[in-house]
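**Q** Quick one: structure below, then a few questions.
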Amino acid sequence: MAAFSEMGVMPEIAQAVEEMDWLLPTDIQAESIPLILGGGDVLMAAETGSGKTGAFSIPVIQIVYETLKDQQEGKKGKTTIKTGASVLNKWQMNPYDRGSAFAIGSDGLCCQSREVKEWHGCRATKGLMKGKHYYEVSCHDQGLCRVGWSTMQASLDLGTDKFGFGFGGTGKKSHNKQFDNYGEEFTMHDTIGCYLDIDKGHVKFSKNGKDLGLAFEIPPHMKNQALFPACVLKNAELKFNFGEEEFKFPPKDGFVALSKAPDGYIVKSQHSGNAQVTQTKFLPNAPKALIVEPSRELAEQTLNNIKQFKKYIDNPKLRELLIIGGVAARDQLSVLENGVDIVVGTPGRLDDLVSTGKLNLSQVRFLVLDEADGLLTQGYSDFINRMHNQIPQVTSDGKRLQVIVCSATLHSFDVKKLSEKIMHFPTWVDLKGEDSVPDTVHHVVVPVNPKTDRLWERLGKNHIRTDDVHAKDNTRPGANSPEMWSEAIKILKGEYAVRAIKEHKMDQAIIFCRTKIDCDNLEQYFMQQGGGPDKKGHQFSCVCLHGDRKPHERKQNLERFKKGDVRFLICTDVAARGIDIHGVPYVINVTLPDEKQNYVHRIGRVGRAERMGLAISLVATEKEKVWYHVCSSRGKGCYNTRLKEDGGCTIWYNEMQLLSEIEEHLNCTISQVEPDIKVPVDEFDGKVTYGQKRAAGGGSYKGHVDILAPTVQELAALEKEAQTSFLHLGYLPNQLFRTF
């Protein structure tokens, strides 16, 4: 409890955490919880099972509670960026007059846009009608920018209409889409001075104190309009100085800092943010936090964690809601009407409720994207952007929207692009590093070679049903065609899966198949062996987990596997991401995953908490023709076996190439075993019982001691000799000194 309390976690949550036997925070929790409690946006990556859910759930629960408590007591809270009309009382960049990807720091002066393809601009909170005025801009990086002045009528893309005057880093001045050479280029570490003499109608600029001369004469139609400091950025960061701090290059010739301008010269921005700030009025269907998960299983798991963490929170109590498909919408709407504070959901149903106005996003303070790489892979980037655009960037109590992104692969291009677009100066917490296999996991490859193992020819019809990719092909023995070898691979993989279970006497395993039809076929084959969903305790008792199974069945199947009612969970990669299954002794990859990162996710199911685990991958030595649906039905009722490039829904799958990519990714060579699937005993570990902890001190400890014992004894003798020699050398000079 004390460990979590030291990070600022409230006692009620710390008590609940202690009851869960979380004595110390994990690394990801220790790094992320203080950052989120401090109000920052966080990008986090850590291994599955490292406590990522707790890392974002605990601070989200606490801040939502504190927000509700403040509202209950009538407090408005402290603000980092002032809101409403009060924001206009200070010279700063205006959070209510900016582009969608333009971020403003809490001081209102540091600005950033990380959109690499589009320009995003912003204007200040105040403008000027009279006098000679000056402000400075410092460039913090090498991105593109234009700075200058514009009226309230001007586009935020400074210099592209007749109401704005800009000076860009490429050495061009711009007005009304006319770009002319002016001054010189500027970039990182340069300071640009922006001069405005309204009385004479002149605009000019300086670079690092060097006057670049007259840039623009203000046309007559603009002389009665206030001019506001403005900028536009493309993947750049700037910091403004309106005179509150000492200028690097103070102006001359009577120009004064904007912050020193007389009140009679100043005009406040019309964009006060009143329409964009969340209303204090209570809206039952407007949650304070929204957590988006890629699958219903992860959503349910996260909701259960939230229920545990908030166990002792009272007055006010927090109300949570799970919004997922497959559940009657009227039940969810009923809960929404009664009020909700935290929503956890999957994109499909969330999109439905948001688009119909049933779920109001106007009071969201936290947006959490869990397994963001999975969400993007499933094609939900547009949904995320639409949702983010509907959430106010600043709430009524002056708090900024916090965005938290969790991802297995933070450094992927898509995740980086998303973070640049929707996050505000995020802190990266990457404890995952390069993918690696824990030393508690043995992983081996079983080559499936239909040319050397002719078992498939002798089985007749007593084999696993295949996926009908070759329903129209001649796959009879003797055809010697790629289609024949492909069909043979499918048959052999069913046999090898059964053989692996028997050889290792597996009592629990997760079996990964590539497609939903492969899962169904393997389940049917296990039923032919006497097992199946209803055969509790049977050697081949199993359940399926994939998207085509009904929601209640998926939930029930997962629970039955966790409780040990069945031995095998046959699933697609939906179960590889974050589902809370610990200590599974075995994993079988019937087919290698399309993406090399998913290999680590899959085998990460075993070997947790010092328990030994074995992952067996069945890898075809020949290409296998598999389904790859690009049709609108996503495979339902589709029998188009032509190749994708010919307008069909199949591809040739090269597992040997995938294996090579996985080995390169992990920087190791994965051991191969014979088709009998006998795994050789490790030299140090000796006989291993998968699913159980290593012997005390680690399985390899005793073997190492025996080997190193003679060397240690020799080192001890040498150390004794060296110490004795040192003492003699120190003693003799003293004796000689005394003699004289």
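These residue numbers are counts, starting from 1, taken along the chain as shown.
Just so you know, glycine gets a Cβ as well, placed from its N, Cα and C.
These figures come from a predicted structure and were not determined experimentally.
OK, Swiss-Prot features for this one:
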REGION    1-295  region 'Necessary for interaction with HNRNPK'
REGION    1-448  region 'Interaction with dsRNA'
DOMAIN    2-428  domain 'Helicase ATP-binding'
BINDING   A46, E47, T48, G49, S50, G51, K52, T53  ATP binding site
DOMAIN    70-247  domain 'B30.2/SPRY'
MOD_RES   K239  N6-acetyllysine
MOD_RES   K268  N6-acetyllysine
MOD_RES   K281  N6-acetyllysine
CROSSLNK  K281  SUMO2 cross-link
MOTIF     370-373  motif 'DEAD box'
MOD_RES   S481  phosphoserine
DOMAIN    493-681  domain 'Helicase C-terminal'
REGION    525-740  region 'Necessary for interaction with HNRNPK'
**Q** Taking just the CA atoms, what is the gap between T53 (ATP binding site) and K239 (N6-acetyllysine) in Å?
**A** 35
**Q** When secondary structure is assigned with DSSP, how many helix, strand and coil residues does the motif 'DEAD box' (370-373) contain?
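**A** Going through the motif 'DEAD box' (370-373) residue by residue, I get 2 helix, 0 strand, 2 coil.
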**Q** For the binding-site residues listed here (G49, G51), tell me which residue's CB has the most neighbouring CB atoms inside 10 Å.
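**A** Counting every other Cβ within 10 Å of each candidate, the maximum falls on G51.
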**Q** For K239 (N6-acetyllysine), which of the recorded positions G49, S50, S481 has the nearest Cα in space?
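**A** Closest by Cα: S50.
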**Q** Can you check how the pLDDT averages out over the domain 'B30.2/SPRY' (70-247)?
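**A** Mean pLDDT for the domain 'B30.2/SPRY' (70-247): 88.
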**Q** Counting Cβ neighbours within 10 Å across all chains shown, tell me which of the recorded positions K52, K239, K268 comes out on top.
**A** K52
**Q** Between the recorded positions S50, T53, S481, whose Cβ has more other Cβ atoms within 10 Å than any of the rest?
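**A** By the 10 Å Cβ neighbour count, T53 comes out on top.
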**Q** Compute the C-alpha separation of K52 (ATP binding site) from K268 (N6-acetyllysine), stating it in Å without decimals.
**A** 45
**Q** In whole Å, note down how far the CA of the residue listed as 'phosphoserine' lies from the CA of G51 (ATP binding site).
**A** 50
**Q** A46, E47: which of these binding-site residues has the highest Cβ count within 10 Å of its own Cβ?
**A** A46
**Q** Let me know the DSSP-derived helix, strand or coil state of K52 (ATP binding site), please.
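**A** For K52 (ATP binding site) - judged by DSSP and reduced to three states - the answer is helix.
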**Q** Is E47 (ATP binding site) helix, strand or coil when read with DSSP?
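**A** Note: E47 (ATP binding site) is coil by DSSP, not helix or strand.
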**Q** Taking DSSP three-state, what's the residue listed as 'phosphoserine' in: helix, strand or coil?
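**A** The residue in question, the residue listed as 'phosphoserine', is coil (DSSP, three-state).
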**Q** According to DSSP, does K239 (N6-acetyllysine) fall in a helix, a strand, or coil?
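**A** In three-state terms, K239 (N6-acetyllysine) counts as strand.
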